[in-house]
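The annotation signal peptide is assigned in TrEMBL to 1-17. Here TrEMBL flags 23-166 as domain 'Peptidoglycan recognition protein family'. The annotation domain 'N-acetylmuramoyl-L-alanine amidase' is assigned in TrEMBL to 31-172. According to TrEMBL, the feature disulfide bond maps to C60-C66.
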Amino acid sequence: MLYCFIIVLGLCIGINCLKCRGPEFVSRDDWDARPPSEIGIMQTPVPYVVIHHTYKPEACYTKNDCIKKMQWMQDFHQLNRSWNDIGYNFAVGGDNRIYVGRGWTSVGAHTPKYNDKSIEITLIGDWSNETPPLSQLITVNQLILIGIREGYIIEDYKLIAHRDVGQTECPGDALYREIQTWQNEIAGRNVRIPNIQNIIPRRPAN
Ligand SMILES: [Zn+2]
């Protein structure tokens, strides 16, 4: 019983810290990214946020491990798929850090027809059967809110899962179910970052 209490208390403290501190960004230099072979400049603010999972590589829970996954993805996307760069604009690790992919102003890959008008966020891991940890989901929401605050995403944006607009299982059944509930569940937890306390994630577009 006591152990349960301690675990729950620890979880609450962890989540509260995430809310007050804001997430840590890991720059391309920090994860030792190769330069893109070409950059497409994106018009911002964008009207869409597209959610992905990586499927492979699997989830990571430390900075060192997540950096390795970022490098693996960049290799795969640039060398095997011949894309200009890692496909996503951002990746969120199980360590609750935000890894910068193409960033806020470069056109992504992965979601044809939406690449040039969306911020593409992937949650590192295979979320077909398992839901990502709450702290990782909160970090995704914080990232979206930062994008709105900084003028890269419109306030009235539409949240889309990759499978909503493409022939794919991405972002996995479990994560897909989760993001259907974001307007109620995540907003209900008062996820916020300084200066934008009243903006909440929107229901996914159908
Ligand atoms: Zn995807």
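Note that Cβ sites are derived from N, Cα and C of the backbone, with glycine treated the same way.
Because the structure is a prediction, the values reported are computed rather than measured.
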Conformational class of C66 (disulfide bond) under the three-state DSSP mapping: helix
Can you tell me how the residues of the domain 'N-acetylmuramoyl-L-alanine amidase' (31-172) break down into helix, strand and coil by DSSP? 41 helix, 32 strand, 69 coil
Here the mean pLDDT of the domain 'Peptidoglycan recognition protein family' (23-166) is 95
Might you list, by sequence position, any residue in that chain lying six or more from C66 (disulfide bond) with a Cβ less than 8 Å away from its Cβ? V26, W31, C60, A91, G93, G94, D95, R97, Y99, I124
